Every structure is written in C-alpha cells, then in structure tokens.
Amino acid sequence: MVKIDEISRTSTFAWSQDCLPLLATGTVAGAVDVNFDSTSTLDLWDIFSPTNGGKPVFSASVDNRFYALAWSKPFEGRPKGLLAGAFENGVVEFWDAEVLIKSKDLNKASVHKGTKHSGPVKTLSFNPNQDHVLVTGGSNGEIFIWDTKKFTEPSVPGQAMTPMDEVTSVAWNNSVSHIFASAGNGGYTSIWDLKSKREVLHLSYNGPSGRANFSCVAWHPTQSTKLITASDNDGCPLILTWDLRNANAPEKIMEGHKKGVLSLDWCKHDPELLISSGKDNSTMLWNPIKGEKLGEYPTTANWAFHTKFAPAAPEIFATSSFDGKIIIQSLQDTSPPVSTKVASNDDNEFWNEISTTETQQPVFDVKQAPNWLKVPSSVSFGFGSKLVSVKKDSNGKSIVSIEKFVTNTGFQGSSNRLTDAFKSNDFNSIIDSKLEGKFVNKIDQSDWELLKKLHDTGKDKLFDEEVNGSEQPKVDGEKSEQKDEGANEAISSTEDSFFDKLGSNSGNGTSNTVSYIPQGDFKIFDSKQSEGDKKLIKLILNKNIDEAVSSCLEQDKLVEALILALDSSDAIKEKVRNSFFKKNDNELARVLYSASSNNVTDLVCHADVANWKEIAMSISSFCTDVNEYNSKMTELGDRIIDSKGTSDEKRNNAILCYLSGNALGKIASIWLRELPELEEELLQSKDTKISTPSDARYEALSNFVEKITTYRSISNISGEFEGPSIEPICKAILEYANLVAGYGQFDLAEKFLELLPSDFAGLKSERDRILKASGTTTIKQGTVHSRTASQRPTAINAGNAYGKPTNFAPSTGLGGFQSTPSNVVPPINPASMRLPQGHTQPPINQPHISAAPAANPYVKTASTNPYMPAHPSNSFSNPYKPATPSATHATNPLSPPPPGPPKASFKNQTEGWNDLPDTFKPKAAPRRAAASAVSPSPVPSSPQLATSAPKRTSVAPPLAPPPPKGVSRNQSKTSISTSNANSPRQSQAQMSSRYAPPPGVSTAPSTPGVNEAPPTVTSAPIPPPKNPYAPAMQAASPSLPKNPYAPPPSYGQPGILQPTIPTPNIASPSLGRATTAAPPKNPYAPPPGSAVSPKPHAAGIPAPRMGGVVAPPPPVASSTSSLPPPPGISQQPPAANAPPMATTVDQEPPKYPPGDRSHIPEQSLPIFNSLSSILDDIKPKIPERYAKHGVDMDKRINLLFDHLNNSDLLSDESIASLKEVCTALEARDFPTANALNIQIATNHSEETGNWHTGVKRLIQMSEAL
C-alpha cells in the first residue's frame, strides 16, 4: 500500500471517470463532527495534482448533508458527466461536472433538483450501459428510475414482493441494462427487471450464526447472473456470492470481518478483486471467485462506511470512515518498513516521530497480481528464428510454447546445402546448384564458372587452354621459324639466326641432331688470317680459355665466345652471357634472359600485361617453389587490376591469377567491394525471396561465403583464416554467422565461427550467444594416449639423486620378480620426486632390481599372489561397483603379518573417515589362499618385504588402534591421503591388508623369540603398497603454496629413489646427531624413526579405507633411508645433513568469493556446466546413509568451481583433461573417465588440491547410481 492522500472530512465520496480522477466529497448525514459542526459542504479534490497542497479545487456549502454521491460517465451534452447527490431531506440534485469545475459556481452548475422521495435518499447509482439513467433508493422502500437527459417524472421499477422500510444499496447489472438489485434493512436482496416492471428474485440467507441482513450489493463485472451481497449484522458479518441460476444458496461464503459489512465494491477491471469495509474499522481485499481473503489494509479509528475503486484507475481506491478521514491509497504495498521510518536514537525524538508516522501496513495473506498487470497472452520473437508465445489454459495456468518461425524458406535451402557441404567436405553440389540457377549478373556467373574449372582441372592446368589456344607472339623483323635442314646449317653467320636455331633445337629435342665430325686437312695459320685470329688461335691452343674468351669479346666474335664458354667455368659463361644481353635488347633477348636465369621476375614486373596468359604460363613453368609461385601470381593479378582495359575483363583475369596464387585476401577484397552493387541488383531483380534490403544483404553475404568456402575446399585450406588482410573477411563471416543464427541455423553458424581467429573481436560474445540459444556446450572430444612397453622409462641408477624416477617393482635381497606387462604407463612428475638441496641420499645397497611396468587401467590383469584377497582393491577402483574375481596362482609363500584388532571394533572406531564406503556392491565370497611354506631368510639383517595375507602364523605384540572418532580430524588432514595422485604407481593394482602397518613405517627386524618365523620372500609380482593414512611425502617447492588438502605422494618402495622430505605434519627423521626444528606434530602420524634401533611398534595403525583394506608396508632398513644400499658398499650411516627448512609461500587471497560463478572463463564453462548437471542428477539418488559422503563430494566439486572462477591452481592442460573427463562422464564411459582422472592426478599432482577426490567420487557414484 502507498498512501496517496488523506482528506480530513467525514464525508461520502464519488470518483470521476478520468484516468487521473477527481474526487467529489460531501458531508455525510448522521455523523457528528469532532467540532460539532453542523454545516455541510460539497468539495472537489485533485489528489494527483502536485500544486494543490491538500486543498480542494472547489468547495461550496449546501443546505443539507449527503447520504451518497454518484458521478456518471460522459454522455451526450455532458462531456464530464453528471454529479448526483442524495440528500437527507429527500432531494436528489444534479450538477454538470464540467461547468462546476470551470465556473466553480454550484448554482450555475446545477441542472435539476428532484423531490420525488418522501424521505431521506440513502443510495443512488448510474447505469453503466445507459449512462444517463439513474436509480435512487431511500426510506419507505422507495426506488425511482431517473432519465437525466429529459428529467421527466421518475418511474418506479414495480411492486416489491416484500416491502422493506429502507433501501440502503442499489446496483445495476453490468451486462444487462434493465436489471438492477437493491438491498435494505429488510434482510434480503431484491432483483428487479425494468422490462417486466417487477421484482423477479428474492435472495436471503440464514446461517449457523443467524440471519444475514444484506446492507449492500454489487454485480459481477462481466457475468450477468452473478452478484455479491454483504451483511451488516454484527452476529453474521458475511460476504456471499450468488449465481442467480441457483438462487437457493450462495456459491461462496467469505468470512473475515468481525462486525457488520457496510460497503462493497467489485472491481470492474478484475473480477478477482473485491474490496469491503465495515463496522470493525477494517478494509479488506478479497478474491470473490475463489472465495478467499487476499489481504487487509490498515484499520481506521471508527467505522469504515464507504470504500470504492477509482473507475478508470483501479489500482487506486478510497475509504471513508467516521473518524473524519478519507484515505486514498494503492492496492500494492511498496512502502518501506516502519523500522526504517522511525530510526531515531533519542527517546524524545522517537516518540515525536512515532506519533506522526504511519505505523500500520497492509498484511497480505495471498499474493495475487491484478488483471491489468497480468498478460493473458504474449508473443515475442527470439534469437534463432524462434517465436515464443504465452497463453492461458482453462485453469488459468500459463502455457509457454516455442516454435520455429521461418519467413523465407529459400534462404533455408541455401544454408542447408552449406551445412551438408561442410559435413561431407564436398562443395561440388554448391557449384552445380549455382550454375544451374539464375545469376544476378555476368560477373557472378564468371566467378562460379571459374570455380567449377578450378575444381575440375586444378591450378596446374588452369592456364593451359588460354595459352595453348592463343597466338604466339613474334619478334619484330623476324620471319617464321626456319626448318632444320641439316647439321651444316645449324649455326648461321648471324647471331640472331644462331639463337633461333638454338631455341628450335631446344624445343624439338636433340635426338635427330647429327653430330659434327671434322674431316679433311686444314692449316692452323693462314696468311689471310688477321692478327687477332692468330692471337686467338694461340690462346686456344695454349688452353688459355679465359684470355681467349676476352679476345673474342674484344673482337666482337660473340659466337666464338659462346662456343669457348660451353665447357668453361661459370664465371666465363656469365661473362659471355652478360656481354650478349648488353648488345641485344629486343623482346626475344628479354625472354632469353628470364629463361637463362631461371627467374621470371623481369617478365612479371615488366612484360606487357596484355600477354598475361603467357606470363602466367612462364610462372607455372619456372617457379617450382610454392611460395614463389603464389607470390608471382598475386603480383601478376595486381598488375592486371592496375592496368588499362575493360573493368569486367580485368577483374576476371585478376581473379583467375589470384585463385591460382592462393591470394584469398585479394579475391575476397574484390568480392566484398562488389557486395553493395550486388545487393542493389538483387533488390531490383524479380526474385520472390528478395523483398527487403535485409533479404538482399543475406543473399549477397551467402553468395560471398559460399565462394570463399568453396575455394578453401578446392585448395585444401583448413583451419582458421590467417594473414594480414583477413579482417574484412572475418567481419563478413561474423555477420553471416549472426544472420544464419538468427534463422535458427546454429550448427552452420558455429562452423563459420570456427574459421575465425580465436582473438577476433566479437567472436566470443557471438559464440556465447549461439551456445545459450542452442542450449548446448562445445566440448572437444579428447583421446586417451597411452605408451606401449617400448616407450617405458629406462631404469636409473639409485645413486643418482636427480635422475628421472621410474616405476619399479618391489625387490628383495634374494632376487627379483616379473610383473604382467602393461600398455599404459602414466607419466611421472619429476618435480614431485626430486630431492631438496642439502639433503642428499646416501649410497644405497640395491640388490637385483627388475622394472615393473605400471598396470593398464583399461585392462584387468589376474593376480599372481596366493595371499592376495579374492578381490584386490585398486586405489582408483569404484567402491560402489561389484568387483570381478581374479584368478590366483600358487607361488612361493610369504610370511603372514601379525594379527590386528578385531574387525568389528576396528570398523566402529574409524566410522566416518574420509574414504568412500564399499557397501553399494554385493559382498563377494572370499577365496581361501593356498597354504604357504616358511623358508628362512638368508640375510636376517637385511630389510625384508612385508606383504599382506589373510592369515598370519606368527605372533606379534598388538598394534596401536586407529584414531578414535571423538578426536577432531582437522589436526591430521595432511596425513590422510584421499588419493595417491602424486604416487608414480597410482595406476597399478593395489594389494592391501586391513591389519598391516602403514607403508614406510613398518617395524624393524624383530629380536629372536618374538616372531616364530622370519619373513619370507616371493618371486610373484607384488603391487606397490599404499596406505591412505600414511604420512605424506611432499617435494619442497618454493613456488607453490602447500595445500593441506592436496593428496600427498606415498612413501617409496625398494628400487625407487624416494626423497626424505619433512612435511608440515610429520617430524623429520634425524640423520646422525644433527637436529632441526621440526614442524608441528600430527597426533595421528607415526613418530619419527630412529636411525640406530627403531622400535618395532613406533607407529600406530591408521584407520583403513572405508569399504576397502590397507596396503601392506614396504621394508624399513636400519639406515636413514628405506632403500637398501647398493651392492659392494658397506652400509654405514652417512654424515648427518640437516633437512631443508620448510619454505613458506604466502597464498594470495582469491579474487572472487566462494560460490561466485560469474567469472568462470569461457574455456572452463563446459566443465562447470557438465559437472553441475551430473551432480544435480545424482544427489537426489544418494541413499540417506551415505548423505555425508554426498555432501563432502558436493563441497569438493564446488571448491573446483571456485578455482575455475578465480582462474588459479589449474593449468590449461588440467582444464583440457577435465573437459575430457566430463565428455566421458556424459557418454557414461566410466572407465575412460576414471583413467583420465588418474592421468590428471599423475601429470598435475600439484594442482589436484582438495577437489580431485570430489571428481573421483562423482565418477564412482555416477557409475553406481
């Protein structure tokens, strides 16, 4: 509610019919003013005027007080309508509203006074269908019908069935003009028909609380048989709706008023809105169709006796009460809370403010928009040629429909052809369709014919027809080609004929040339010879060829010089060649120059472009390099464009050269310049599908992109547009993509957007718009690459502390074993294996070591350990999915581990730990392992390999229990491994034992008498151990902050160089006597080991993986390293080296708060959309007992989203891999998704953080559910 105005009058009122209505008020009869003033006034108020300052625009005193006022619609002769007043003395007076407003003279505006009533006139109403007809009612049951056009004697509607003492309310039917209703103190409502001049219906109601005394009546705005009545009886304050087709009982009974109802008004603009007021000082809003109360407005201090909507502004209504106020307010409540209005801290100011501030506000039980704010039906064009329409069904519910809207099917046909051509990479169909259709102009026709020829013949033969069919040019003064008449005439006495014959022989081949053999006697010197000839002969006979050639050139004997130069050095040849071209400057010599130098630059730059075909043929003949060929062809095209001649001919010849020279930018610039002209011709053509400039623009752009894509296809050009002049092309492509997307061709638009450079302006927004409109995301399908056995890393020497670590199988001091070959070896992150400076590894005795390749995550291998459980657990296996039993084979026996705590109590003490349960799958029956034989250890002092087994024959002291549930786990987050992402063995099948001590901290060799039998070894392949709760091993990295949630790398195993690095929660092992300040201790981590005599049970047993088992421990030597020393080197403790101090790296605070998803980059959006969709899909399906795991998974996935939103932690490679995981998940290819997730943990262990386990669980739960 917004309180618009408040008028200090104890008055009845009437609204004008204007959009910004005036309000007429008249002092109400029967009320006592607070000042005991007995005067009566008629006022006009402009409540929407900002200048009136709460004063009426007109006010005049009248002799008597009013019971009611009515303001008619404008009708003939009354442009502002008539204002009628019902006085307490029985007079009905009429005023012309327009005259009253303009003259402000009450007497001048008065048009009639009716005195037909014998007592007070209590009510009156104008007919909504016949604006000049008025009905009045008053005491003694009198009802009169007035014709305000003629003001003749009023008529009566007929005889009442049961006369009443007083008529208090009359109302006209809004649909049928001769029907009205009346109500009074008789307790009933009468329905009158003026045509039959009688009362036709009689409505009354007796309820459980008594008989209703109908005091007011109102008709349905549009339905002629429905009306509503209200009772002013305090014992039965009801509002009743009636349908006259069943007048025996009301349709709806609405209760809410605590005392009698005095006024009703049914909104003419919305049948679902009714306002009422009454003796309980309240004003209420109802939905009479549903019979429910919508809300209640602030109460008044006395009876609210009259309320009414403004006829032309139904959002506004007024309520008059006996407390001397008329409140004008709006239906909607937009006022601020009272607490914001009264905000003073001072007590005195508070009471002053609260006494002058409205502290009441309306209370709405049901929120309902009025009809004028509703849109019963709407329609809108959407991006992508979509038409969205909204309409209501019979129940009033909105129905939204989205339909395809195509205005021009001709355009759709061309876009479909383009789409098919892209899919098949065959644009020949487009060329054929263009050649078969009608061309706009000859230029366009020539382009497509040229593209057809280029498609059919290729660029190599593009000029054959032109050159072969043209006449060869002739040199001035030269006759036609001479025939070869024999060897003696091969060389003539003239230089020109010599070169002609030389060229002829070159052209015809030398196979028919007769070799010259000198015959007969001759003299070397002759008296007739000149001195120059004699000198030349001497030089030749002395084989002084250089001087001989120079002598020939001095004597202008060019032919002789050429003969001498044939078998001479390149310098001599070049000297003779230059001398020839300096003396000959004719056309043939220029051509010979280009041919002899194997360079057509002179021809391309200076030859007459009228012979452009011959120039093009020379380029094809002499330019073997592709780049040089394209450059010369483009240069020739430029010369043709700049030359004189017919414009169309030049253009076509230049395009031919550009097409041959791959000058796409040059071709496109010509086609783009011609677009406006083509659009004009299309508009002037008789093509039915071209009716607007936008149609012509689309058709011209379509023709352009078809030419471009066809040429690219013919020339085998793929990928994005490249080059310095691609901007105009890209703009045209982007515009065309926008247009075809507007026609709903999203796939075609995306194809064209892929041709644009990724950094092109406007590409990102256009692509986002198309993706949102199509409701799809583009995720490039990735392939999982694997390395074969031949690509495995080579084993390195254990003594090399900085060598590349390699996966090895565990080895014992007696010999090695062989593992099943694998097809996939996950890459290893050397950074995670590197030892820090200042903490070197001592020489290690390393017995026989055999490399064990990592297991292929896509191939299930059989176990070869007889003591391995029937269903060995893989660190990345799905605990929700039933496992496939593996075949077992008998091998050498192993010594069993010591017995642990009972299973049940162990489970209870570790309930609620971080790992996923294994209870979604049916439990498989365990297999009994083969019996084992115990063999003594040949080297009791050497470290042995501890393995898991179902039973243990030896007896050992009880091990420490897992941490209790009551202890907070926040202190040991870093000691709990949620995944073995950093381990170089993470893709191998894991053997585990529920009762084995943690790896890396197993007990030292026991003293005699403690164990019944020493441990034994086996040659069977044993997968590397893994303990999810073992202390974390992390490589020191000064550039990356430590993440307490990151999955720590597992401890080393024999045969692998492992650094000994202190972690934030693990005390560093002491080396010798050197001591360093250790980080805070982890209450659940094993205590630091002793280099001299480690205690057998120094470390407690961590909690097992829920639903899984704990991996067996690796051996621990008595030295500081867990690895045995290499052979030949005594096992002595090395010099103590202090471990490096922990490097602290301050983490930068995130750029955006957690939960914000508005800044996720475009390349990461597919990950967010895909994982969110999958997460929302499986969360409702998670059983209640695993709800905690679902919540943890959701939290971790959202942490991944936070990293994506802040563009931190994750590299581009990780994001690309995550996209592939999402693609596999959407395709329900869970093995591939799991393998890809493993690769992320392997290749980017420093980026996995605390989100990686969430993705792992999401894959597992998606597969199980």
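Residue 1 is the first one shown; counting continues down the chain.
Placed from the backbone N, Cα and C atoms, the Cβ positions cover glycine too.
Ranges compared are 462-490, 491-519, and Swiss-Prot records region 'Disordered' for 462-490.
Highest Cβ pair count under 8 Å relative to the repeat 'WD 5' (209-252), across stretches 5-46, 61-105, 116-156, 162-202, 299-339: 162-202. Here the repeat 'WD 6' (256-296) has long-range neighbours at 128, 174, 213, 215-223, 228-234, 237-239, 241, 302-309, 311, 314, 317, 319, 321, 331, 362-366, 368, 370-372, meaning same-chain residues at least 6 beyond its ends whose C-beta is under 8 angstroms from one of its own. Taking residue pairs at least 6 apart in sequence, the repeat 'WD 3' (116-156) and the repeat 'WD 4' (162-202) share three or more C-beta contacts under 8 angstroms. Counted with DSSP, the repeat 'WD 1' (5-46) comes out as 0 helix, 20 strand, 22 coil. Mean pLDDT for the repeat 'WD 4' (162-202) in the predicted structure: 93.
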